[in-house]
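Visitor: Following this message is one structure expressed as structure tokens.
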Amino acid sequence: MSVADSSAADSVAAPDTADTSSSVGVFSPPGYYDALAQQVLDGTPITREQALAMLEASDLDVPAIISAGYRIRHQYFGNTVQLYFLMNAKSGLCPEDCHYCSQSKVSDAPVPKYNILKRDALMDAAKVAAERGAKTYCLVISARGPNEREMKAVEEIVPEIKQKYNLDICACLGLLDESQAARLKACGVDRVNHNLNSSESHYEKICTTHTYEDRVQTLRHVRDAGMEMCSGGIIGMGESKSDIVSMAFDLNELGVQSIPVNILNAIDGTPLEGTAALTPQDALKALAMFRFVNPDRELRIAGGRELHLRQLQPMGLYVANSVFVGDYLTTQGQAPQADYDMIRDLGFDVTGSCEEMSI
């Protein structure tokens with residue numbers, strides 16, 4: 001997929017990042033990132049050159065990048081944070097060869113393996129999601145795509161969850177055809193997650209059992225069925241900075257409403273085991289770039305934030321406006337109370353919070 005660059009007219013010239021071999025480097029010109037944020041707020045989209053320059057900026061620029069990105073985030077989302085809750089409704093047993101995934105057929109990671117959970121387990125998890133202040137309950141299965149039994153299970157449980165707990169439902173079921181997307185819409189699913197995961201040019205290096213275009217087609221089916229699209233990616237899989245920029249622009253062109261940015265947790269037993277970790281500064285620059293490219297889209301710091309951002313997690317919420325509360329699919333997240341404390345200390349507010357939440 002090619003995404004045409006926006007016109008460079010009225011745009012801010014990208015700074016010269018001559019010394020990109022050093023994480024120290026030099027400062028960009030004073031006020032550069034504020035001017036770039038103003039450009040975006042005035043309606044002139046960021047260009048690929050500007051986005052790439054942000055990723056190549058020295059670590060000295062990180063505070064300025066985050067501060068400027070916060071202006072954009074605040075314009076569209078104020079100081080609100082939306083919480084998501086993940087439920088691994090079916091674990092392992094996946095026939096796909098996604099190299100980053102501990103549940104894929106090429107993974108030797110010791111993950112739980114079970115078919116789609118029964119009603120009571122899914123309802124119990126929905127109750128936890130509501131108690132933790134989540135607005136959206138994410139039902140996830142490991143599969144190339146849902147079989148008929150799994151589709152029926154989702155169709156049966158979604159109306160009950162929505163009626164009892166007033167949660168939005170995001171379904172992550174793998175590749176979908178047109179009729180499956182229509183059925184999900186009919187049963188009350190609000191949003192479908194299907195990540196692009198990387199750029200089109202890098203995709204065959206992380207998966208060979210389906211294509212980048214397969215994923216894009218699923219998103220088109222979701223859009224055409226009238227549901228919101230949730231799609232993002234994983235950074236730190238050996239891709240180039242240009243690949244990350246391409247993914248951000250592709251998501252923008254598709255009109256994706258919610259963008260989760262994962263930072264690779266190179267799980268032992270997967271083909272990407274031992275992949276060098278991104279620095280917190282590089283992760284922050286990438287998050288900010290996604291915000292500049294997609295100014296009015298929900299941006300979520302997803303898997304890997306605790307591992308890679310570490311003590312800089314709060315800085316991420318100055319550009320992102322959403323996080324998962326609790327654990328991920330096969331890895332642990334930090335304690336929910338730590339997330340509540342972080343949000344409170346930032347002076348931010350949770351969207352859709354409830355009385356049971358300690359914040």
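Glycine is treated like the rest: Cβ placed from N, Cα and C.
Given the structure is predicted, the values throughout are model-derived calculations rather than measurements.
The [4Fe-4S] cluster binding site annotation in Swiss-Prot covers CYS94, CYS98, CYS101. Swiss-Prot lists CYS138, CYS170, CYS230, ARG300 with the feature [2Fe-2S] cluster binding site, giving sequence analysis as the kind of evidence. For 76-302, the entry in Swiss-Prot reads domain 'Radical SAM core', with the evidence type sequence analysis. Residues or ranges marked as region 'Disordered' in Swiss-Prot: 1-23.
How about a rundown of where these features are and what they're close to?
Guide: With a 10 A radius on its CB, CYS94 ([4Fe-4S] cluster binding site) counts 22 other CB atoms from all the protein chains.
Within 10 Å of the Cβ of CYS170 ([2Fe-2S] cluster binding site) there are 23 other Cβ atoms, across all protein chains. The secondary structure of CYS170 ([2Fe-2S] cluster binding site), as reduced to three states from DSSP, is extended strand.
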Visitor: List the residues in the vicinity of the [4Fe-4S] cluster site, defined as same-chain residues other than CYS94, CYS98, CYS101 with C-beta within 8 angstroms of the site's C-beta centre.
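Guide: Nearby residues not in the site list: GLU96, ASP97, TYR100, SER102, GLN103, SER104, LYS105, SER107, SER142, CYS207.
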Visitor: Would you kindly give the Cα-Cα distance separating CYS98 ([4Fe-4S] cluster binding site) and CYS170 ([2Fe-2S] cluster binding site), rounded to the nearest Å?
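Guide: Cα to Cα, CYS170 ([2Fe-2S] cluster binding site) and CYS98 ([4Fe-4S] cluster binding site) are separated by 21 Å.
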Visitor: Tell me the Cα distance separating CYS98 ([4Fe-4S] cluster binding site) from CYS230 ([2Fe-2S] cluster binding site), rounded to the nearest angstrom.
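Guide: Answer for this pair: 19 Å between alpha carbons.
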Visitor: Please list, in sequence order, the residues in the chain of CYS101 ([4Fe-4S] cluster binding site) that are at least six apart in sequence and whose C-beta is under 8 Å away from its C-beta.
Guide: CYS94, SER107, SER142, THR270
Visitor: Reduced to three states, what secondary structure does DSSP give CYS98 ([4Fe-4S] cluster binding site)?
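Guide: For CYS98 ([4Fe-4S] cluster binding site) - judged by DSSP and reduced to three states - the answer is coil.
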